[in-house]
Amino acid sequence: SLVKSDQICIGYHANNSTEQVDTIMEKNVTVTHAQDILEKTHNGKLCDLDGVKPLILRDCSVAGWLLGNPMCDEFINVPEWSYIVEKASPANDLCYPGDFNDYEELKHLLSRINHFEKIQIIPKSSWSNHEASSGVSSACPYLGKSSFFRNVVWLIKKNSAYPTIKRSYNNTNQEDLLVLWGIHHPNDAAEQTKLYQNPTTYISVGTSTLNQRLVPKIATRSKVNGQSGRMEFFWTILKPNDAINFESNGNFIAPEYAYKIVKKGDSAIMKSELEYGNCNTKCQTPMGAINSSMPFHNIHPLTIGECPKYVKSNRLVLATGLRNTPQRERRRKKRGLFGAIAGFIEGGWQGMVDGWYGYHHSNEQGSGYAADKESTQKAIDGVTNKVNSIIDKMNTQFEAVGREFNNLERRIENLNKKMEDGFLDVWTYNAELLVLMENERTLDFHDSNVKNLYDKVRLQLRDNAKELGNGCFEFYHKCDNECMESVKNGTYDYPQYSEEARLNREEISGVKLESMGTYQILSIYSTVASSLTLAIMVAGLSLWMCSNGSLQ
């Protein structure tokens, strides 16, 4: 008699996950496990960067801070900073109207500086032949009175005379020195002589690398901050052991303080309206701080610190698990690009919870699920290494800081913006393509592992079992739990069971042959009987026609 068939099936894990990923071939594929690699959240605050506070200029501009706008006194001396924060339109800029020459270049310089030390280079009290305290303006008020920038001195004539100035400062420090000075452009000739006595004046400035001669531009202008005059400010970096020489007979705004560059490093000037949040981060954006190990973010293109790369994507999810198709969903799923299972396993097993791939067996001793730990662990290691590799390759830290251009450089600014947008488009495309390709490969990798497990069993059992076409094998012999375990661990003894399997195969084949013979006899009998009946009917019809004279 036939044995009651024992079976072993190969299958894969399924769960209640609703995580979905995209691949080259499909969109919204539900998977058992996935990992988001796009950071989309921030804390909405300005934070310390690696424990170092930012310099938040509040309502002051960089120019207002460096020149010493009286409304920026809180920044007279500042400690080391990690980055500088300036509002888009700070109220306290150049209180006396005018320009800051090469301002954008100075800001770029500041993006590589972390600390200034302010030092006095020409004391205000040293101008004995000129008025050093009368140079104030209602445009720069302080406590309701006229005042002026704290770090420079507006020199006015004294006793109806403005003697020619010849001053030098030698940088004996070991550090570079940021030196600032300026020129006043009066509204008319009357103001020129009223302030400086001399109708024709100049300012000469020289270092080992600088040769500058300035003359005032006297012109009638509209009033700004109540002033028709204008001031123009300049700066230079004075190297150690170099000297800066000033010569002027009027309109000179002399330096009193300079900035010793005591620490250089990665910094940035960030445009933001946020407040300080008393927090710490490794990555700061104008929108807020990011604390993430993900390789990509879509928060803001400008960052400072150890930051993910900015992309324009809204979703980047890597598949780490398998297609999630529980067995109750009997629909055939599309397969991937790189091979994979030929569709013979209709669904995953939610009952197998301790591995990605495994077995289900049934015999006289019962039935149950068992994960294949070895193939599962290899797959976990492989997928984990791949995800970590992607993150490591993409998570090369860098700063993406904004560049500023003056009004004469708008065409350059537009070109720069187009180039940066182009780079962002390329990065976004690369990131999205990478995710699509890797997801396709991961799902096919899992499918291939299931197929390999199936082949491992098939090669062991050979003709001792029958392939049922659904991922299962039906044994031609009794297979108890010990036998089942040997199939799972690859030690199945084919010769031990081959004789029993052969006999059962032959018995099954004999039943098929016997059944086939019976069907053939019945078929012949039926054919003969039908033929005899037809012959009798034809003969009877002929006799009837003859008796009626109808047959000629």
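Even glycines carry a Cβ here, placed using N, Cα and C.
Lifted from Swiss-Prot, the feature list:
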- 1-520: topological domain 'Extracellular' (TOPO_DOM)
- Asn15: N-linked glycosylation site (CARBOHYD)
- Asn16: N-linked glycosylation site (CARBOHYD)
- Asn28: N-linked glycosylation site (CARBOHYD)
- Asn170: N-linked glycosylation site (CARBOHYD)
- Asn291: N-linked glycosylation site (CARBOHYD)
- Asn489: N-linked glycosylation site (CARBOHYD)
- 521-541: transmembrane segment (TRANSMEM)
- Cys546: S-palmitoyl cysteine (LIPID)
- Sequence order is fine: just name those glycosylation sites in Asn15, Asn170, Asn291, Asn489 with a Cα within 10 angstroms of Asn28 (N-linked glycosylation site). none
- Taking the glycosylation sites one at a time (Asn15, Asn16, Asn170, Asn291, Asn489), which has its Cβ surrounded by the most other Cβ atoms within 10 Å? Asn15
- Taking the Cα atoms as reference points, how far is Asn291 (N-linked glycosylation site) from Asn16 (N-linked glycosylation site) in Å? 30
- Message: Suppose you look only at the topological domain 'Extracellular' (1-520); what would the mean pLDDT be?
- Response: 89
- Query: In Å, rounded, how far does the Cα of Asn489 (N-linked glycosylation site) sit from the Cα of Asn16 (N-linked glycosylation site)?
  - Reply: 29
- In whole Å, note down how far the CA of Asn16 (N-linked glycosylation site) lies from the CA of Asn170 (N-linked glycosylation site). 75
- Item | Where Asn170 (N-linked glycosylation site) falls in three-state DSSP terms | strand
